[in-house]
Amino acid sequence: MLGKGVVGGGGGTKAPKPSFVSYVRPEEIHTNEKEVTEKEVTLHLLPGEQLLCEASTVLKYVQEDSCQHGVYGRLVCTDFKIAFLGDDESALDNDETQFKNKVIGENDITLHCVDQIYGVFDEKKKTLFGQLKKYPEKLIIHCKDLRVFHFCLRYTKEEEVKRIVSGIIHHTQAPKLLKRLFLFSYATATQNNTAADPKNHTVMFDTLKDWCWELERTKGNMKYKAVSVNEGYKVCERLPAYFVVPTPLAEEDVQRFQGHGIPIWCWSCHNGSALLKMSALPKEQDDGILQIQKSFLDGIYKTIHRPPYEIVKTEDLSGNFLSLQEIQTAYSKFKQLFLIDNSTEFWDTDIKWFSLLESSSWLDIIRRCLKKAIEITECMEAQNMNILLLEENASDLCCLISSLVQVMMDPHCRTRIGFQSLVQKEWVMGGHCFLDRCNHLRQSDKEEVPVFQLFLDCVWQLVHQHPPAFEFTETYLTVLSDSLYIPIFSTFFFNSPHQKDTNVHQRQLSLPLTQSKSSPKRGFFREETDHLIKNLLGKRISKLINSSDELQDNFREFYDSWHSKPTDYHGLLLPHIEGPEIRVWAQRYLRWIPEAQILGGGTVATMSKLLEMMEEVQSLQEKIDERHHSQEDPQAEPPCLLRNSARLSSLFPFALLQRHSSKPILPTSGWKALGDEEDLAKREDEFVDLGDV
Amino acid sequence: RIHVEQVKLLDRFSTSNKSLTGTLYLTATHLLFIDSHQKETWILHHHIASVEKLALTTSGCPLVIQCKNFRIVHFIVPRERDCHDIYNSLLQLSKQAKYEDLYAFSYNPKQNDSERLQGWQVIDLAEEYKRMGVPNSHWQLSDANREYKICETYPRELYVPQIASKPIIVGSSKFRSKGRFPVLSYYHQDKEAAICRCSQPLSGFSARCLEDEHLLQAISKANPVNRYMYVMDTRPKLNAMANRAAGKGYENEDNYSNIRFQFVGIENIHVMRSSLQKLLEVSGTKGLSVNDFYSGLESSGWLRHIKAVMDAAIFLAKAIMVENASVLVHCSDGWDRTSQVCSLGSLLLDSYYRTIKGFMLVLSGGVRCGHLDGDPKEVSPVFTQFLECVWHLTEQFPQAFEFNEEFLLQIHEHIHSCQFGNFLGNCQKEREELKLKEKTYSLWPFLLEDQKKYINPLYSFKSQRFTVLEPNTVSFNFKFWRNMYHQFDRTLHPRQSVFNIIMNMNEQNKQLQKDIQDLESKIKQRKNKQTDGVLTKELLHSVCPESPTLKTSLRFKEQTLLPVNDALRTIEGSSPADNRYSEYAEEFSKPEPAVVSLEYGVARMTC
């Protein structure tokens with residue numbers, strides 16, 4: 001970055017690593033003589049929120065420069081968040097405060113948002129967990145929204161250090177009971193206000209009516225019916241109380257294997273083909289039971305293979321597609337790129353940015369998901385097939401792929417309400433285990449897989465490539481991803497609708513802590529499909545399953561031909577999936593890194609110009625209307641949102657403006673010439689001599 | 001003259017080897033392919049960088065043509081004999097031995113001499129110095145090089161510090177490689193600081209030159225605010241040191257009072273060329289995956305080189321804006337890297353250069369192209385690189401430039417087309433000898449004529465002249481320039497951009513404004529005739545029937561405006577400055593829905 005360090009005679013001049021230990025600590029130099037201010041900032045508590053512990057004279061580092069500045073203040077921990085109350089809450093200008101998060105302040109970290117906590121002992125960084133013997137002089141908190149906080153505890157009283165550090169570790173790292181989630185105390189405290197916002201038309205899919213409405217909207221009601229067989233979760237706790245199945249399907253079939261092996265309707269396309277999902281039957285060793293399962297499935301497939309149903313193609317998502325393990329590994333590598341402790345580290349990694357990005361495979365995973373969704377879209381749209389998604393519990397990749405397909409095919413899902421309804425339908429009612437996947441209760445790190453985050457990232461790629469096709473912007477998606485860790489909204493804090501209903505309605509009954517999920521062994525599903533489907537379903541299906549090459553070609557043609565036609569934003573929407581087109585969601589991942597922002601530039605500049613022009617059109621139109629109805633009062637000026645866009649950051653509304661000291665300086669240029677280029681590097685620049693002409 | 005039928009044109013990125021069948025024609029200036037849908041693909045011989053004949057296949061003889069504008073075409077000619085003929089002819093035609101054979105000398109857009117001359121006067125470099133505010137009390141016009149006696153490759157008119165006498169200039173030029181002594185490149189009126197350029201000093205390990213030291217001192221004295229100046233060697237330190245063995249090298253800080261010396265580390269043209277070649281290999285891969293793309297991108301090093309040039313320009317701009325210091329820039333001979341950095345630096349500093357005309361000035365100031373560099377495969381990447389730097393700036397600051405990407409692409413096209421005289425010859429002397437102004441046409445008037453399609457709809461005029469751009473050079477902010485390197489690969493093209501939508505809205509705005517004016521004048525006219533209030537009301541009523549038409553003009557869907565559509569006329573003749581998009585005409589002429597209508601409540605643009 002510009003403006004760091006001093007002008008040096010040599011080439012690269014990044015912020016130098018400390019080569020000797022100074023007796024004067026940098027923070028002692030830069031903190032304005034420990035100017036502890038009188039104006040205490042008051043802690044803002046939500047209804048039902050309780051203060052647990054606190055420490056004063058904590059120094060929070062501000063990483064603006066290579067030299068570290070700090071702000072003194074109070075570090076507190078409540079049953080909802082960790083908050084730092086600095087003395088330096090300088091007033092921000094209007095544009096910025098206008099877009100502030102109303103629940104979470106700049107220095108607030110909800111307990112669920114904490115990812116890792118490190119302590120610094122004698123310049124060494126260690127992960128903190130459990131009981132501590134020694135307390136660190138510095139606390140580093142990595143958040144799930146990728147913020148990094150550094151708190152220096154050197155000037156804090158020892159007692160307070162002990163209390164705050166062990167408090168924070170306990171409340172963020174130790175396993176928790178579901179009933180201890182803050183949302184319950186919040187709900188109790190705000191009971192009067194819990195009436196649903198009447199303006200909010202998000203369909204919740206918790207009534208039979210909602211499903212019927214969705215069937216009607218997608219014209220799926222000819223061949224599919226909403227059933228209430230699981231009312232009161234009599235059949236199965238994994239499924240929602242109401243869902244949709246093929247009309248001829250008998251209700252006893254649903255009960256037979258507690259909802260397993262049942263094709264459940266997700267969505268119908270305008271041409272009648274439908275997207276279905278199915279969770280696998282439990283794995284059995286016993287031949288007799290296997291035989292029963294076989295004949296059961298046979299019956300099911302017979303039902304959906306007959307007209308009026310289209311040809312079914314089965315997509316096995318737990319077999320040869322993506323594994324949750326892969327997603328987990330990729331994301332944990334990927335996020336390290338953004339969890340930067342200081343700017344030296346940033347510049348060190350910046351040189352290798354593209355290869356680091358690549359080695360995380362996160363972008364490739366996004367590409368594979370988008371590709372899979374396009375393949376399915378092609379089958380439904382062009383070949384008029386039904387697609388049956390298969391997965392162990394039908395609650396991870398099923399949710400992801402089916403909702404991605406709907407975003408691409410159904411313009412309704414690209415409105416804000418439509419998108420929210422989709423999340424409600426496929427993820428919340430689809431039984432995605434948010435509690436486990438986000439590890440909200442800190443019960444098992446293994447189960448923590450950012451499937452929903454992956455979905456949002458896929459949608460972001462679409463939003464980024466086709467902004468006019470969406471009612472919402474990337475900021476909406478970013479805020480949505482943040483709300484995953486704010487335990488005020490119950491949406492993302494349960495494993496299933498059953499769990500939510502039992503906890504929200506009968507809170508007084510303390511539930512036995514459900515470690516619930518019996519997780520069968522991996523790989524089971526692949527074997528089963530290979531075995532069962534090929535044998536049971538005859539040629540019709542196996543032909544389709546084995547013809548992946550042929551499909552590849554169909555896919556290409558479909559993809560190319562869509563992209564060669566003008567886009568109809570009200571219709572089918574496909575993303576570009578060539579390598580260069582899959583991008584990093586900067587607003588989500590890079591927003592806290594000041595080095596990465598462009599002042600007065602980026603897409604924000606485009607957007608604000610666009611807004612300006614829309615206002616202009618609007619006001620001109622109003623002027624014309626005025627002419628026609630001169631008796632009406634002239635309209636007031638429309639409010640303008642981003643007037644002084646010139647100085648907005650490219651990561652607006654998240655990154656705060658950072659002023660850099662601005663001596664000219666070259667940024668890091670630490671790379672070496674590539675080996676085979678050395679010859680070239682040594683060669684003289686050529687010069688066309690005039691004599692030659 | 002030659003024509004071959006039943007030739008197949010393969011789609012470069014199609015994994016299933018899709019192809020079009022048609023007829024291949026060879027004219028004196030172009031290679032033309034007309035497919036069965038009568039779609040035409042024109043390739044100018046000058047654009048051809050390499051022609052390759054591949055091993056014979058069952059379907060025929062493959063011929064791969066790589067162009068300097070990054071078009072790659074893959075033909076399959078049924079008979080080997082024909083293929084061989086085409087191959088030989090192309091080799092002959094694309095290797096022009098003499099300047100006089102270049103297209104520019106035969107190109108005739110049907111203009112008379114005075115029109116042509118006027119065209120050359122659109123851009124006036126002498127006028128530009130006046131705009132910058134020189135000559136003034138610190139800087140003067142020197143006549144030392146009026147007859148090209150001191151330096152053949154410099155222009156006749158040069159600006160030097162007021163206090164630099166002719167002997168000092170002559171002395172300094174003897175100490176500089178190719179005689180290219182320090183001269184003014186850009187003058188910042190507000191800060192009274194200057195950007196100067198020169199070539200490397202012939203310092204070897206210990207040589208010094210008092211006149212050169214005096215000239216540098218004169219430059220720093222010409223800046224009344226700041227007495228020290230930066231000397232920026234744009235080469236990597238190692239290269240500069242290696243040059244010392246050949247009696248060249250860099251300034252010794254001890255010999256020059258008040259200079260601050262700085263290496264920048266931009267690699268030389270050979271490294272750049274090989275890097276670009278690698279980039280093209282990566283981006284030309286079929287079925288490119290995310291992973292291969294990013295690692296390929298990184299190992300090509302291309303974006304890193306772009307970043308290095310950008311960093312140097314930022315350094316330059318900050319030295320002037322923040323420290324008020326003048327800067328002297330050089331590399332080896334003061335051609336490529338120096339031109340890039342000075343031009344880019346002034347683009348950051350002075351918003352005038354971000355306008356269409358201003359940018360033409362920057363380009364006329366000259367980055368050299370070298371059309372007769374010997375090996376035709378060796379496309380000079382310097383200009384491409386400069387344009388890419390500018391493109392990155394336009395991406396980072398969408399509001400700061402009057403022109404759009406299309407403009408940059410069009411210029412790139414003509415740097416290699418040799419259709420216009422602008423980019424021929426390496427220096428003023430050579431251009432005069434070639435009589436370019438008498439024998440060829442200037443590109444600029446043709447671009448200005450078509451200005452409408454090069455306008456950036458987001459351009460904000462409000463910005464002050466000296467609004468400085470501060471680009472960010474974190475790797476994340478550097479992207480692959482798809483529309484440059486894949487501009488001819490239709491399948492990879494975005495069909496519509498937000499920009500078209502904005503252009504559309506702008507157009508509607510203008511329409512609405514005009515409507516308002518019309519209505520107002522009508523009202524005025526009527527009012528003058530009859531002041532009766534009742535009648536006025538009637539009048540309003542009579543205007544009302546117009547409103548449905550107004551409304552429809554607001555229905556975005558029906559309007560198809562389009563910079564793109566305009567861009568689609570045919571080849572020479574109607575729009576001489578544009579010969580890239582002819583084959584798109586058919587698809588683009590379909591109206592595209594410009595902005596989504598608001599029915600359904602869907603897809604409204606929000607922020």
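Positions of Cβ are set from backbone N, Cα and C atoms, glycine also.
TrEMBL entries are annotated by machine, without manual review.
If you check TrEMBL, you get these features:
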- B:CYS331: active site, phosphocysteine intermediate (ACT_SITE)
- B:ASN268, B:ILE269, B:CYS331, B:SER332, B:ASP333, B:GLY334, B:TRP335, B:ASP336, B:ARG337: substrate binding site (BINDING)
- B:502-529: coiled coil (COILED)
- B:119-485: domain 'Myotubularin phosphatase' (DOMAIN)
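Mean pLDDT across the coiled coil (B:502-529) comes to 84 in this model. Cβ contacts within 10 Å of B:ARG337 (substrate binding site), excluding its own Cβ and spanning all protein chains shown: 29. Around the Cβ of B:TRP335 (substrate binding site), the number of neighbouring Cβ atoms within 10 Å comes to 26. B:ASN268 (substrate binding site) sits 9 Å from B:CYS331 (active site, phosphocysteine intermediate), counting Cα to Cα. In the three-state DSSP classification, B:ASP333 (substrate binding site) falls within coil. On a Cα basis, B:CYS331 (active site, phosphocysteine intermediate) lies 6 Å away from B:ARG337 (substrate binding site). If you draw a 10 Å sphere around the CB of the residue listed as 'active site, phosphocysteine intermediate', it holds 28 other CB atoms from the protein chains shown.
Neighbour count (other Cβ atoms within 10 Å of the Cβ, all protein chains): 23 for B:ASN268 (substrate binding site).
Of all residue pairs in the substrate-binding list (B:ASN268, B:ILE269, B:CYS331, B:SER332, B:ASP333, B:GLY334, B:TRP335, B:ASP336, B:ARG337), the one with the greatest Cα separation is 12 Å apart. Note on B:ASP333 (substrate binding site): other Cβ atoms within 10 Å of its Cβ, all shown chains, come to 22.
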